[in-house]
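Undergrad: One structure, as structure tokens, below. Some questions next.
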Amino acid sequence: MTPGDQEETQPLLRPPGGSAPRARRVFLAAFAAALGPLSFGFALGYSSPAIPSLRRAAPPALRLDDAAASWFGAIVSLGAAAGGVLGGWLVDRAGRKLSLLLCAVPFVAGFTVITAAQNVWMLLGGRLLTGLACGIASLVAPVYISEIAYPEVRGLLGSCVQLMVVIGILLAYLAGWVLKWRWLAVLGCVPPSFMLLLMCCMPETPRYLLTQHKRQEAVAAMQFLWGSEQGWEEPPVGAEHQGFHLAQLRRPGVYKPFIIGISLMAFQQLSGINAVMFYAETIFEEAKFKDSSLASVIVGIIQVLFTAVAALVMDRAGRRLLLALSGVVMVFSTSAFGAYFKLTQGGPSNSSHVDLLAPVSMEPASGSVGLAWLAVGSMCLFIAGGAQALRCLLAGRCLLHLQCPFHSGLCP
């Protein structure tokens, strides 16, 4: 066997010069950090099964009216906006590991407040806390994972972040199918608690330690994670002092990707994807579904599957093609769902008269029953074609230019 043949037989997941058993610690550390995005997804999906349960509650039990239910779903976004700013400050000053440890606290505290809630304000306060944690986790976890991964698995582990988010959403939908809102909040404490325990045993990222001039600690972290120092690329001198200045926006290489990136973010949010995630079960109840929980679970499963597919085909199909395809699919799917509501608006007002599992051969009792799969199918198409392609495009566009203000968060 020639030396070239021996080289080809080396496992792709083995770090350069390191041993496979020790390299597995990279995956353990990545899993610990990915529990943050999993908790993030669970917090996003929590409102979907919780809101119908809270709206149906009879006095004297805690109950949400329409306005409070709307705030209950949306206020997590306000917390996430504040968390994103706080996370950007924490990640460079407190470090990646400590930032992940700190974000577990508002996750657990928020779900604990929701569990013990005796009034609407406690519910909203708990959601605001979980939103704050979501903002921190969504920024810090990708940075931590990308900085601990060796080059052969960096792309693989990086793509797991978005996958864990949608798995968290699906977990909330599945658990909400069988659990009431208080017990569902108790379950929401589990992933961040595990993250807190596991991250205590994981090292800080070598790159951050090097930027803090702690070379010995960085070498120890590399030995723990990789089993070797080979293949490590030290950050350039002065990397810790790099920053974005408004004067840089005068340069085409900066302001063009900046405008494109901001526009893509805005269009992604305005597409309505978050509204579907927050209120999936409520939307299907308004569409007169008997099995609104099942319909939400189906949407969650489709989201997980197509997130994985988008990660696999992104580099082969191209970002621009994915974006164009996603726009067509989103227009078609939302038009179909609007047509469903138009065709069924004259039907009974009872929100539980459409059985999703009714046999296709059954003669429909009303027009809504016959059109049940139009609603589910259009929402599945919207999820499959919409958000994932936009996220893939955003992650790979020229927004990742080294001098772009978002580069440190999206491509550390």
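Here the Cβ of each residue, glycine as well, is placed from N, Cα and C on the backbone.
Automated prediction, rather than curation, is the source of TrEMBL annotations.
Note that the structure is a prediction, hence the values are computed from the model and not measured.
As annotated in TrEMBL:
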type: DOMAIN; residues: 29-412; note: domain 'Major facilitator superfamily (MFS) profile'
type: TRANSMEM; residues: 26-48; note: transmembrane segment
type: TRANSMEM; residues: 68-91; note: transmembrane segment
type: TRANSMEM; residues: 98-118; note: transmembrane segment
type: TRANSMEM; residues: 124-144; note: transmembrane segment
type: TRANSMEM; residues: 156-175; note: transmembrane segment
type: TRANSMEM; residues: 181-202; note: transmembrane segment
type: TRANSMEM; residues: 258-280; note: transmembrane segment
type: TRANSMEM; residues: 292-314; note: transmembrane segment
type: TRANSMEM; residues: 321-341; note: transmembrane segment
type: TRANSMEM; residues: 371-390; note: transmembrane segment
Undergrad: Mean pLDDT, the domain 'Major facilitator superfamily (MFS) profile' (29-412)?
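TA: PLDDT averaged over the stretch: 77.
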Undergrad: I'd like to know if the transmembrane segment (26-48) touches the transmembrane segment (98-118) in this structure, counting it as a touch only when three or more C-beta pairs sit under 8 Å and are separated by 6 or more positions.
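TA: Yes, the transmembrane segment (98-118) contacts the transmembrane segment (26-48).
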Undergrad: Name the range, of those listed as 26-48, 68-91, 258-280, 292-314, that has the largest tally of Cβ pairs under 8 Å with the transmembrane segment (124-144).
TA: 68-91
